[in-house]
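> So TrEMBL lists the following for this protein:
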| type | residues | note |
| --- | --- | --- |
| TRANSMEM | A:97-122 | transmembrane segment |
| TRANSMEM | A:128-149 | transmembrane segment |
| TRANSMEM | A:156-176 | transmembrane segment |
| TRANSMEM | A:188-205 | transmembrane segment |
| TRANSMEM | A:226-250 | transmembrane segment |
| TRANSMEM | A:262-279 | transmembrane segment |
| TRANSMEM | A:291-313 | transmembrane segment |
| TRANSMEM | A:325-345 | transmembrane segment |
| TRANSMEM | A:357-379 | transmembrane segment |
| TRANSMEM | A:391-412 | transmembrane segment |
| TRANSMEM | A:432-450 | transmembrane segment |
């Protein structure tokens with residue numbers, strides 16, 4: 001059915017996205033469109049006919065914004081003299097690229113500095129030393145943060161706060177001792193990057209870090225950065241293997257050199273380039289993460305429903321080792337990812353569509369499966385005692401469960417038309433706090449609680 | 001007959017000021033009024049009208065305010081200011097000069 005309101009909204013969204021029009025301008029034009037439509041409807045046209053004709057009469061969006069720029073002499077003057085062919089944007093772009101190159105070199109060199117003092121990256125067995133793995137995030141994430149701090153023209157206070165968090169985290173992590181079997185240290189290795197990534201998120205969002213719009217953008221950014229990062233890194237690997245093979249053909253072994261330079265500098269460059277690319281293209285192309293999510297969410301739903309049915313029929317309860325609990329954590333994280341990226345690409349004003357119902361089905365199935373798994377782990381924990389690993393896995397599970405349960409509840413309310421979609425987005429973006437706090441607890445407080453063993 | 005673009009642009013300011021002198025109005029209604037008064041000869045586009053309105057507002061000749069329409073929608077109305085009225089008088093005189101000059105030359109043409 002033709003919904004006039006939705007059509008008008010998407011028309012003005014289009015205008016907003018294309019032209020350099022202010023909100024007031026758009027509001028005025030939208031009113032104009034409505035007047036035109038009303039007149040045409042009075043004259044006997046149906047709403048969809050009236051809408052089409054009115055839009056056509058208003059002219060295409062590009063032409064409108066062009067006219068606006070033309071008659072507005074002030075900006076005409078800017079276009080002609082100060083701003084030939086968008087030179088400001090070009091200058092900024094050049095600056096960003098310079099930053100990317102410098103930061104990639106700095107990050108790579110930072111990896112090499114300990115080596116100068118006889119403290120190499122690899123131990124005798126050719127494995128990367130655990131100290132490096134633990135500190136991995138500190139070699140690259142501060143530079144990404146700095147990139148955004150510069151781009152967002154952050155104040156000195158923000159710089160100090162962010163740098164302070166990085167330095168404090170680095171000091172704490174390295175002052176902590178670690179005893180066999182290094183459980184808490186391993187937990188730190190997994191949770192610290194997540195924690196610091198959220199700190200990077202604060203710099204990415206900039207001033208409006210408390211608003212859900214900025215946070216949603218950061219979630220989108222994370223998804224795109226992940227996909228781009230994998231692609232760029234695959235490119236680095238291809239280069240690595242190609243160089244290796246081609247030099248082997250003339251009996252020269254370049255593996256050591258490649259591993260020490262190409263992989264390190266290439267890796268840092270890949271990370272910086274990814275960040276730059278995703279940031280630069282932001283609004284140019286359709287995001288890819290939501291497309292992936294839409295392809296896979298029905299498939300995951302089928303598999304999980306099948307799993308649930310088989311589990312009920314056979315009566316096999318999931319065998320609750322820690323590894324399995326982690327598997328269920330992963331399931332929840334995946335479901336959350338799928339749901340989140342479908343949401344992220346959604347226009348809040350659009351009515352509920354198929355993917356919203358799929359989302360809810362996916363969440364509910366995940367909740368049921370996880371409920372069974374949780375009851376098993378809780379039973380085992382009470383019988384066999386608590387270890388840091390089990391507690392961390394359990395904590396993750398509860399955090400994700402809370403997130404999904406909240407989403408399910410809000411979705412149901414949304415379908416019942418109790419509240420609108422923005423509430424779901426607000427819940428999800430606010431929930432980032434929980435992850436921030438939980439990862440901080442595991443990375444910094446667990447080692448103390450469990451006496452660093 | 002199509003009036004040339006330059007002439008449309010030049011006459012936009014006095015026409016808008018004159019219409020707003022009659023009573024406060026908004027974009028869509030102004031276009032309709034112009035169409036009506038020119039007997040369908042002058043058809044303004046939105047892309048032309050709104051920038052002119054905004055420029056007049058910037059030059060403090062007119063001012064805008066939000067008000068509810070009959071349908072209950074927030075609409076941006078424009079009102080003429082004192083300086084706008086003075087400007088309109090000035091424009092009127094200028095157009096009269098042009099108009100008189102043109103009329104005289106054309107009369108001489110037809111007389112000769």
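For all residues, glycine too, the Cβ spot is worked out from N, Cα and C.
Just so you know, TrEMBL annotations never went through curation; they're auto-generated.
Please go over these features one by one and say how buried each is and what sits next to it.
If you look at the transmembrane segment (A:128-149), the same-chain residues 6 or more away from its ends with a CB under 8 A from one of its CBs are 96, 99-100, 103-104, 106-107, 110-111, 120-122, 158-159, 162-163, 166, 169-170, 173-174, 182, 185, 188-189, 192-193, 196-197, 199-200, 203-204, 206, 268, 271-272, 275-276, 279.
Counting residues 6+ beyond its ends, the transmembrane segment (A:188-205) has Cβ neighbours under 8 Å at 130, 133-134, 136-138, 141, 144-145, 148-149, 152, 154, 158, 162, 165-166, 169, 173, 176, 214-215, 217-218, 221-222, 392, 432, 435-436, 439-440, 442-444, 446-447 in the same chain.
Residues 258, 262-263, 266-267, 269-271, 273-274, 277-278, 288-289, 292 of the same chain sit 6 or more residues outside the transmembrane segment (A:226-250) yet have a Cβ under 8 Å from a Cβ within it.
Beyond the transmembrane segment (A:291-313), the same-chain residues lying 6 or more positions past its ends with a Cβ under 8 Å from any Cβ of the stretch are 227, 331, 334-335, 337-342, 355, 358-359, 361-362, 365-366, 368-369, 372.
Beyond its flanks by at least six residues, the transmembrane segment (A:325-345) meets 216, 219-220, 223, 287, 289-290, 292-294, 296-297, 300, 304, 318, 355, 358-359, 362-363, 366, 369-370, 373-374, 377, 390, 393-394, 396-397, 400-401, 403-404, 407, 424-425, 428 of its own chain at Cβ-Cβ distances under 8 Å.
Non-local neighbours of the transmembrane segment (A:391-412) in the same chain are 187, 191, 322, 325-326, 328-329, 332-333, 335-336, 339, 356, 359-360, 363-364, 366-367, 370, 373-374, 377, 381, 419, 423-424, 427-428, 431, 434-435, 438, 441-442, 446; each lies 6+ residues outside the stretch with a CB under 8 Å from one of its CB atoms.
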> In terms of Cβ proximity under 8 Å, which residues at least six beyond the ends of the transmembrane segment (A:262-279) contact it?
96-97, 100, 103-105, 107-108, 111-112, 121, 139-140, 143-144, 147-148, 151, 221, 224-225, 228-229, 232-233, 235-236, 239-240, 243
